[in-house]
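J.: Would you mind keeping the following structure in view while I ask a few things?
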Amino acid sequence: MFRVGIGFDIHRLEKGKKLVIGGVEIPSEYGFKAHSDGDIFFHALTDALLGAVGYGDIGQLFPDTERKWENTPSRVFLEEANRIINEKGYSVLNIDGFIVIQRPKILPYREKIIQNTAEILNIEPERVFIKGKTYEKIGEVGEGKAAFAEVVVLLKKEVKNEND
Ligand SMILES: [Zn+2]
């Protein structure tokens, strides 16, 4: 039994903030303005996992109105989403995603982002793929004022009996 999930996340970029994507702190003048660390890739992926099993969304589970999530590393959200899908008997078959940011280039950090993701989800790195893209200087994303991520996940359930 298979289930597919899709996730999207966008955050504004501001001078002097940390740029954390896929759990990797990337050297940059600009970083995410967000309640947590603003990790667009982990947020999109968390939403994709939760969506695949029909379990609310990241904003419901970790409301940004709650102080306890302030400056939370986003791996915490991803770990919780993975626990939820595992509890329902699912595991990740594969992940494919886009990280869209005008600068800096994502390619040098791609392997590390894939490793982090695989490690948190307890899967082989071969099951995770991401593409870094620019926005061709179009609009606010193209001007470096924001960055976004889009992720698709496929989950597989180990079917133990017909009534599952
Ligand atoms: Zn977010």
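Keep in mind that glycine also has a Cβ here, set from the backbone N, Cα and C atoms.
From TrEMBL, for reference:
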- Asp9, His11, His43: divalent metal cation binding site (BINDING)
- Asp9, Ile10, His11, His35, Ser36, Asp57, Ile58, Gly59, Phe62, Pro63, Asp64, Thr65, Glu66: 4-CDP-2-C-methyl-D-erythritol 2-phosphate binding site (BINDING)
- 2-155: domain '2-C-methyl-D-erythritol 2,4-cyclodiphosphate synthase' (DOMAIN)
- His35: site 'Transition state stabilizer' (SITE)
- Thr134: site 'Transition state stabilizer' (SITE)
J.: Consider each pair of residues in Asp9, Ile10, His11, His35, Ser36, Asp57, Ile58, Gly59, Phe62, Pro63, Asp64, Thr65, Glu66, all listed by the record as binding 4-CDP-2-C-methyl-D-erythritol 2-phosphate, and report the largest Cα separation in Å as a whole number.
T.: 20
J.: Helix, strand or coil at His11 (divalent metal cation binding site), per DSSP?
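T.: Assignment for His11 (divalent metal cation binding site) reads strand.
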J.: Might you list, by sequence position, any residue in that chain lying six or more from Asp64 (4-CDP-2-C-methyl-D-erythritol 2-phosphate binding site) with a Cβ less than 8 Å away from its Cβ?
T.: Ala34, His35, Ser36
J.: Quick one: among the binding-site residues Asp9, Glu66, which has the most Cβ atoms sitting within 10 Å of its own Cβ?
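T.: That would be Asp9, with the highest Cβ count within 10 Å.
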J.: Just the number: how many Å between the Cα atoms of His11 (divalent metal cation binding site) and Ile58 (4-CDP-2-C-methyl-D-erythritol 2-phosphate binding site)?
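T.: Answer for this pair: 14 Å between alpha carbons.
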J.: Phe62 (4-CDP-2-C-methyl-D-erythritol 2-phosphate binding site) to Asp9 (divalent metal cation binding site): how many Å between their Cα atoms?
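T.: One finds 14 Å between the Cα atoms of these residues.
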J.: What mean pLDDT score does the domain '2-C-methyl-D-erythritol 2,4-cyclodiphosphate synthase' (2-155) have in the model?
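T.: Summarising the domain '2-C-methyl-D-erythritol 2,4-cyclodiphosphate synthase' (2-155) by its mean pLDDT gives 95.
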